[in-house]
Structures are given as C-alpha cells and as structure tokens.
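Some features that TrEMBL has for this protein:
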{"type": "COILED", "residues": "502-529", "note": "coiled coil"}
{"type": "DOMAIN", "residues": "6-380", "note": "domain 'Cation/H+ exchanger transmembrane'"}
{"type": "DOMAIN", "residues": "477-562", "note": "domain 'Sodium/hydrogen exchanger regulatory region'"}
{"type": "REGION", "residues": "598-687", "note": "region 'Disordered'"}
{"type": "TRANSMEM", "residues": "6-25", "note": "transmembrane segment"}
{"type": "TRANSMEM", "residues": "37-54", "note": "transmembrane segment"}
{"type": "TRANSMEM", "residues": "66-89", "note": "transmembrane segment"}
{"type": "TRANSMEM", "residues": "101-122", "note": "transmembrane segment"}
{"type": "TRANSMEM", "residues": "134-154", "note": "transmembrane segment"}
{"type": "TRANSMEM", "residues": "166-196", "note": "transmembrane segment"}
{"type": "TRANSMEM", "residues": "216-239", "note": "transmembrane segment"}
{"type": "TRANSMEM", "residues": "260-282", "note": "transmembrane segment"}
{"type": "TRANSMEM", "residues": "288-314", "note": "transmembrane segment"}
{"type": "TRANSMEM", "residues": "326-345", "note": "transmembrane segment"}
{"type": "TRANSMEM", "residues": "357-380", "note": "transmembrane segment"}
Amino acid sequence: SVSNIVPESCLLIVVGLLVGGLIKGVGEKPPILKSDIFFLFLLPPIILDAGYFLPLRPFTENLGTILIFAVVGTLWNAFFLGGLMYAVCQLGGPGLNHIGLLANLLFGSIISAVDPVAVLAVFEEIHINELLHILVFGESLLNDAVTVVLYHLFEEFANFEQVTILDIILGFLSFFVVSLGGVLVGVIYGVIAAFTSRFTSHIRVIEPLFVFLYSYMAYLSAELFHLSGIMALIAAGVVMRPYVEANISHKSHTTIKYFLKMWSSVSETLIFIFLGVSTVAGHHYWNWTFVISTLFFCLIARVLGVLVLTWFINKFRIVKLTPKDQFIIAYGGLRGAIAFSLGYLLDYEHFSMRDMFLTAIITVIFFTVFVQGMTIRPLVDLLAVKKKQETKRSINEEIHTQFLDHLLTGIEDICGHYGHHHWKDKLNRFNKKYVKKCLIAGERSKEPQLIAFYHKMEMKQAIELVESGGIGKIPSAVSTVSIQNINPQTLPLERVLPALSKDKEEEIRKILRTNLQKTRQRLRSYNRHTLVADPYEEAWNQMLLRRQKARQLEQKMNNYLTVPAHRVDSPTMSRARIGSDPLAYEPKEDSENLPIITIDPASPQSPESVDLMSEEPKGCSGLPPSPEEDEEGLVMRVKEPSSPGTDDVFTPGTGDSPSNQRMLRCLSDPGPRPEPEEGEPFIPKGQ
C-alpha cells in the first residue's frame, strides 16, 4: 500500500539513508557511490535494457521532437541555469564571489540533464500513455551526448588561461563527433553481434552471452574515446535485436529478456540505495542562497524551455502537444544519479567548491524524485491524462497499421514528397534485399513474414507442451521444426520449409505485386479535353440491358410455372369475381370439358350458406347439357340442405376425387397479376 503512494525510487533512497545512518552510528565509514563503479557497472544494464526493448515505431515517429527536447532543451537549461547562477554568485556575498563563469556553466551542464534511471523508475509506475513516455524517456536517453560534450568542454576550458573563438567552434563540432561517433560504434557492434548469431545453432547455451558481451564492448569502446556510451548502447541494442531474435532459439530469447530485466532492476536498486548512503557519508557544504537559487532556477528553466520548444514543435506536428502534455513533460524532468556521479568526478584542485556543488545536486535530486515523483501520479489522475493501453493490439489493428503505412508511402510517391514514410520504405526494401541475407541464417531471411510468424507460434506451442509434460500428446499439426528447436542437437543443416514450389511462390508474388503495390507506377494525368471514348462502354451497357431483361423474363416464367397451392375462395369472393366481368367467363362453344360453378346469385340465403356445389365438367354426370345452361354459361345453383350429422360448411360430393381437387386448386388460382397494358381475361372470349 505504501508503494502505491510513494515511488519505489523514493523508498530505496530512504533505505539507503537508514543504512548509511546505521553504518555511521556504529563508527564505520559508509561507502560512497564512486563514479567508476556507477558508469562502468551500474549504468550499462539499465541503458541496454532500455535500448534493446525500445519501442521503435513511436521512437522513430517522434524522433524530431525528442531530438529538439534533448539537444536544444538541454543546451537552454545549461546556459540559462549557468548564467543565472553566475549572477547569483556575483551578488551573493563573500562566500560565492570566487566562483567564476566556467564553473557555473559546468555546474549548469551537470544539473540540467534529465536522468533516464529516475524517469524509468517513476514513469513505469504511473503507466502514462506511450507518446508522453517516449518523449520524456527518449529525451533522457539522447541528452547524454550533450551532457558529455558540455561536461568535458567546460572541464577543459577551466584549465585554459584564455578561451578563443577556435576553441568554441571545436567544442561545437565535438558535439557531432561525440553523438554520431557513439551511434556509429553501437551500429558496428550491433552488426557484429547479429553476424555472430548466424553461427550459434550448435551452441545455443552461450547465445545470450554474445548479446551482453558485444553490447558492453560497444559501451566501453565509446567511453574509451570519450564518445557517448549511452548512445552506443542504444544503437547496438536497436540494430542487433531483429536479426539476433531471428537466429537464436526461443529459450535464449527468454533468457536475454529476463536476465536484462533482472540485471537492470538490481542496478537501479543499488543506485538509489547508494544515493542515500552517499548522502550520509559525503562531505557537504550548505549555502542557502546557492542551493535555493539552484532549485528555483532549475524549475523555471525547465518550464520555460518546454513551453517555448513546444510552441515551435507544434507548428510542424500533426498530433499537437496539448497543455496537459506540456505540463507532464515539464514536471517529469527528474534528475538522478548521473548528475551526482558527474559532480563526484570533479577535481578538488580546479573546483574547490565541489562539496557545495554536490550538496546542491543532491538537494535537486531529492526534490525532483520525492516531491515531483510522489505528486505526478495524482496529478495525472486529476488532469485525466490518457493512460497506457494494457491490452495488446489485435491482428486487425496490426494489418490496418501496415496497410496505412503502404498507403501513405504511395501518397508521398504520387505527390513527389519524400517524407519519413518514403525513406522508411526504402530502408525496409534495402534491409530485405541485402542485410537480412547476410545477418540471418538459413532460409529464414527469404521466407514470407506470415510463414515466419506461423513457425514462431508453432515453436511456442511445442515448447509449452514440453514444459507442461505433454511431449507424448503433441498433435500432428506440430511439425518437426518445433521439435528441432526444442532439441537443438538434432537440428538439420537446412530448415524445413513448407512445400511451396518456386513457381507457385513466384505466381503469388506476381499477383500481390500487380494488385497491391502500384505505388511507383506513373499514371497519365487527368484532362477532360483529352479523354478518349471507351469502345467497350456501349457494349457493356447493351450487355447489362439484355441481362436485366432476361432476369425479368425468368422471374415472370417462374411465377407462371410454379403456382403454389391456393386455398379455395369464399363464395362471396367468387360471386364478386364473376359479377365484376361476366362476359369474360363466357364458355366456349365446345365447353363439354369445362367445369361449371353452380351458384345462385339471386339466392335469398346468406352468402355463408352458398358454397361450391359442382365443379365437374358437363357430361361427366351422365346428363346431357340443357339449352338453358348453354345460354347462361355458368349457372349458380342453390346448395341442397345437408342431412343431419354432416358438415354445414363443406359436404363431400361425387366430384371430390383427388384429380378434381387439383383442378379446383388450379382454377381457383388467378395466376400472376397482369400488367396494365397486357391484361387478358381468365378465359378469353371467342377462343
């Protein structure tokens, strides 16, 4: 319950303070966090964990914003803070007059940089949204180059008797050398690590060792030449990860993941505990004016820098940074152990005020970690800042994201604007065509992504079965590839691929290429004056009309041929039908085979008592037709009274055989509704 209110970093510092107080209370000298131990052993695991698992897509999409905050923002903080502290020293009395401008600028460069360890410790717990997290964390990673350059620059200038314009120009150029040199060193070691992982299929046990070894060598090589070791580690982790994970086994990947997490967590714990212990053990020189001015100007410089830079950045961003985002970015500028270690590295001979600098640095660290770190969570809830999504993105979202990337690349191609989507597509093509073939072993560099994903899921399923003890129950769907990954000593020389012939694969690629990716196909521009009539358009219209007429005719025929069994009309309906058009029901001359509907229309009885009595053809009853019936056509006869016990509604007669009932249904059905222009009587007159 305490960790929900107080960040873990604050609790660790308190533990360090208690441990240091106990050690000092028993008369021993507490250990101090030495800079060599911090920079060589404690910092690299944290940076490697951050670089290896860096969310690459949001980082690259916001790289411009991160660089502006990291470079311009850090320079602004250093010079603004150093200049104001120099003014405070000149006005602060006899205890501060001897501190010169270069010493104050050096102090400003130490205290101005945002610390990645403190940012990770606090931002991981509040679950802030991905954009704000990557902006603050990316700034804390990339400002290392600026901090290193300014620190060494002012340290060297303090030894000079006079600083010339040439020294300033060389110092400015050294920034590019330090930052780009660190990135280059990291890329080189990342490529070497990826290439080495090609040949580790028979020694799976030591695969994780190569990742740690080459990453640490990249950091040491960069620090050896006074380059940015943090940027070297980040570059090495980002470059090696996709190729190493394609080559190593699943168990090695799990080992790398959890070992890095454990290693970075242990380093972070030791750093904050040692901060507390060093606070008790170190020599301090407290000057109220200097310490309070440092704290106040740090906050002012951070807020002004974020506001001005965000106003400039929002002119070029599609997704603008809101005032809430700006507040979180400014409030999340935490300082940590890097500033303390850099202050501890200062030499007493050239910087006699080292103890006062360390006291001010520790005060700023404690204020940012305790006050800002403890209050940022309730402020995030109070401002209703968007939180991080805990659920993973669905396959549907992944597919649509990739589709939009291709779409935006095509739009940029059509417009002739070479934005970051265009260069990202170029880099992906170069990576697939050349780099993967060199750095990924076997056929994995050539197989489609979907098949590679299938093999990855298949391997995961097989390993879960083995770990659960179900090796005897492995279904037939798990191929031999999974078993070979579980038992790497039996791995064949070539990986088994699905039975997909080269011709079939080339045909699939051709279909996809011709139908999905036409981004670089130049089309004629539209001009209404140069439009050519389509010769097939009229033929298509005629074909559609003929097809429509054929469909209508077929529908009519279906209505005529498939007559449903219709219930017998009531006497009222039959009388109304005959009375509406009596001439239409005039029988033929040879009407011996036609049925007679015998109804008496002038019957005094109610319509309910009138029913169909005889529908049998004339002559079938054995009596010859009378001349009156020939003249009258259809004769309506009164229904005879039924005998007791019979049904009053319907009485079976002699003509109620199955064939006569079928004829009754056919004759009672009016058929399809006639069209207005082609209405014909049921039994046309004169036929």
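In case you wondered, yes, glycine gets a Cβ from its N, Cα and C as well.
What TrEMBL says about a protein is an automatic prediction, not a curated fact.
When Cβ distances are compared across the two stretches, the transmembrane segment (216-239) makes contact with the transmembrane segment (134-154), since 3 or more pairs at least 6 residues apart fall below 8 angstroms. Counting Cβ pairs under 8 Å to the transmembrane segment (260-282), the stretch among 37-54, 134-154, 326-345 with the most such contacts is 37-54. Residues 118, 121-122, 125, 268-269, 272-281, 366, 369-370, 373-374 of the same chain sit 6 or more residues outside the transmembrane segment (6-25) yet have a Cβ under 8 Å from a Cβ within it. Each of 37-54, 66-89, 101-122, 134-154, 288-314 was scored by its Cβ pairs under 8 Å to the transmembrane segment (326-345), and the highest score goes to 101-122. Tertiary neighbourhood of the transmembrane segment (288-314): same-chain residues 64-65, 68-69, 72-73, 76-77, 80-81, 84-85, 88-89, 92-93, 96, 107, 111-112, 320-321, 325-326, 329-330, 333, 335, 356, 359-360, 363-364, 367, selected by CB-CB distance under 8 Å and a gap of 6+ residues from either end. With respect to Cβ pairs under 8 Å, the transmembrane segment (134-154) is most closely packed against 66-89, considering the stretches 37-54, 66-89, 357-380.
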